[in-house]
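Per TrEMBL, the features are as follows:
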BINDING   His237, His287, His354, His543  Fe cation binding site
Amino acid sequence: MMASMAIGSCIISPFNFKTKHPLLPIQQPSSKPTLSNFTIRSIASPVRPPSPVVVPLPEIDTFDAPNHVAWTSIRQDRWEGELSVQGHLPSWLSGTYLRNGPGLWNIGDYDFRHLFDGYAMIVKLHFDNGRLIAGHRQIESNAYKAAMKNQKICYREFSEVPKADNFLAYVGELANLFSGASLTDNANTGVVKLGDGRVVCLTETQKGSIMIDPDTLETVGKFEYSDSLGGLIHSAHPIVTDSEFLTLLPDLLNPGYLVVRMEPSSNERKVIGRVNCKGGPAPGWVHSFPVTENYVVVPEMPLRYCAQNLLKAEPTPLYKFEWRPESKAFMHVMCKASGNIVASVEVPLFITFHFINAYEERDEKGRITAVIADCCEHNANPVILDRLRLHNLRDSLKYPLPDARVGRFRIPLDGSGYGELEAALDPDEHGRGMDMCSFNPAYLGKKYRYAYACGAERPCNFPNTLTKIDLVKKMAKNWYEEGTVPSEPFFVARPGATEEDDGVVISMVSGKNGEGYALLLDGSTFEEIARAKFPYGLPYGLHGCWVPKN
């Protein structure tokens, strides 16, 4: 699955697009990765280039592997080079799209269980004057470096637990769990650009906040929070703008959530307010949450954190969570300015990884009457978590993709105790698949019309289309290419645009024959405008961000 020592030798400057060493041929995959065929460098290790040479782009048409390349470990730990573009790159598109996600799902002959276990790999697409420079690199977390050094899992991942040599070692590992020392810092979920320009990769654990250089993709070091709020976990998807950073800190001991804010150029989080859970023995999972112009929306799902499952040496079907429908589901609304809770309502049961956006509904006199919050909702069916086991994903015929929809909450602000949840459009418009969403960031917290996501062309076991959702006409337009697995469609607005969908949508696609390519669609027509083939297919990635050119 991995190439030999060709890795690490082709690292190209994003400024002159030249190699620091000649590009060695990329070999066909040999054995699973071991320490001997990975290049491991310490955090912020300096690299001094010799005289540069021009980069040839290797061509690999097929990949002889038993599994789809989307679910296969990356061939080498880093690569960078210029891609040949078919079509036309908009002249205004200038900057770097970064995408984070798992890149390595095995150590030696040991295969990881779950999509979310993989060691993080950051990918970039750098657009500059009609040229496209691509690259990828493993994020050098402590978990990744320890695994490469010891050739075994050394930290607790999403479903994986280090194998103790004896009972005393097991007891010690449990003690480390309670202190957080054994929790992973494998930052494999998202990547954000802070208001001060720092770029941080994130996951569910607070210690898994790692800064990278967006040009070289080099791991810079840990992002250390300077406050004393404590806790071990946070939302993997903070709300980040040029002026602030908002996130939720679940309280597992006294079930609830702290809503916190961090200013640019600061590492200190400050508490806006606290939400106490209304149901269940533990807070619901908060992988993401939405905001409006004036409010933070705090979801309380009946898929709740479970200390008992966390302590088990082998994973349960719901991993660190448990499904507690009897505890009900709630949506809480907190004022950003005061920290006061203005609504706390029961809603129908729901399951979501990703909220899309939220906005305030007003009456004819301009008074706020309700909050509308949209999400990728899995019909209150927690089986989606177990369907993301790698074994299930690699068996494309056995495990069909569970249905999903654009779930729209209406949370009244009139003091009533109940809110609504319904489909924002007919789920058949997008094949009853729905996840990995984006929208025009200028409409964050505001009433909006368009969203971009991954949908489904059935039969399938994973979202396999890109879809543009029109929430006004309640229609969807879909992009599909047989056998491919596209990643999150990320919308980049054209500078100076006045229309909400004036821009491009960027996705990275894993092909059915081991190939892969970057794809650009017109944000308005949703027609393909360009694609650029990678030298080899990349594993499925999760979430990205846009770093505009200075």
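Cβ from N, Cα, C; glycine included.
TrEMBL: automatically predicted annotations, no manual curation.
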(request) Sort out the sequence-distant neighbours of His543 (Fe cation binding site) for me: same chain, 6+ apart, CB within less than 8 Å of its CB, listed by position. (result) Arg99, Asn100, Gly101, Thr189, Gly190, Val191, His237, Met436, Glu488
(request) Show which residues of the chain containing His287 (Fe cation binding site), separated from it by at least 6 in sequence, have their CB under 8 Å from its CB. (result) Glu204, Ser235, Ala236, His237, Thr352, Phe353, His354
(message) Beyond the listed site residues His237, His287, His354, His543, identify every same-chain residue whose Cβ lies within 8 Å of the center of their Cβ atoms for the Fe cation site.
(response) Thr189, Gly190, Ser235, Ala236, Ser288, Phe353, Phe355, Leu542
(message) Give me the count of other Cβ atoms within 10 A of the Cβ belonging to His237 (Fe cation binding site).
(response) 22
